[in-house]
Amino acid sequence: MDLLLLLKAAIMGIVEGITEFLPISSTGHLILASELMNFWTKEKSAVFVVAIQMGAIAAVIYEYWSRLWGAATGMVTGEEKGRHLAISLILASIPIVLVGLSFGQTVKDLLFNDVAVAIGLIVGGVIIMWIEKNPPKVNAVEVENIGLKQAIWIGLIQVLSLIPGTSRSGATIIGAMFLGVSRKAATEFSFFLGIPVIIGAGLLDLYQSHEVLQTSFDWSVLGVGILVSFVSALLLIRALVAYVAKRDFMVFAWYRIVSGLLILLFAYTGWTIW
């Protein structure tokens, strides 16, 4: 058993769990962490990243099980709040499904590199700053108050997250705030919206990578990454909800900009850790 590889897997799990739901681009950080640590082969690393995202999204399902179950059953029972939330999530998921299936692989082939991630981080940071300095009037305080038109627009904005470094969470949270959704509701809606998007994209990626899974694959490495991702994501979700109740996202804007500049530096110097 390669203990160093297990350690790297745990670090990747922590990176995924912490960054998946923050507006700072989990994909960008995972690409950077993988390259800095020379983590696994390119093919195995890609499968690993998809798998640990499942661990992070499982944390959302665990934390919000009662509300999500209410949304699922609301489609059958007709309970108003649950049904409205379910329809909102479905509508918001459609754009990225259509665009992702049509152009997702093309985007990966062209833009999955350090420079693209850095640019996405910097541009996103500037947009977050602008939104926080010019906050729109809030018209949806809770997730259940988000209108169907707002949900559709959030879904359209989420398509931008196909670009590495943009951040799915960043696009949906800031997009929702721009449309008048409260910071807390925008954050929780982003959590929920990640469930169909990440699971759907993940299953598709795993299916397309079945040849890699059939080779000599170290499943213990995968297990460590998923478990660590789940635990770290669960802790992050609880901390973030408490954070946004009192503070804004300006610190993340600065983080994105500084991180983007550092990634550009690493990209042009070829610096690695191990």
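Cβ from N, Cα, C; glycine included.
According to Swiss-Prot, the features are:
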TRANSMEM  4-24  transmembrane segment
TRANSMEM  45-65  transmembrane segment
TRANSMEM  84-104  transmembrane segment
TRANSMEM  111-131  transmembrane segment
TRANSMEM  146-166  transmembrane segment
TRANSMEM  186-206  transmembrane segment
TRANSMEM  217-237  transmembrane segment
TRANSMEM  249-269  transmembrane segment
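When Cβ-Cβ distances under 8 Å to the transmembrane segment (249-269) are tallied for each of 4-24, 45-65, 84-104, 146-166, 217-237, the top count falls to 4-24. Listed stretches 4-24, 45-65, 111-131, 146-166, 217-237 were compared with the transmembrane segment (84-104); the greatest number of C-beta pairs under 8 angstroms is found for 146-166. Only pairs six or more apart in sequence are counted, and the transmembrane segment (111-131) with the transmembrane segment (146-166) gives three or more Cβ pairs under 8 Å, enough to call it a contact.
Proximity of distant same-chain residues to the transmembrane segment (45-65), defined by a Cβ-Cβ separation under 8 Å and at least 6 residues beyond the stretch ends, is recorded for 9, 12-13, 16-17, 20-21, 26-27, 30, 34, 39, 188, 191-192, 194-195, 198-199, 201-202, 205-206, 209, 212-213, 217, 221-222, 225-231, 233-234, 237-238. Within the chain, the transmembrane segment (146-166) has long-range Cβ neighbours (under 8 A, six or more residues past its boundaries) at 25, 27-28, 31, 87-89, 91-96, 99-100, 103-104, 107, 111-113, 116-121, 123-124, 140, 172, 175-176, 179-181, 185, 189, 193, 197, 260.
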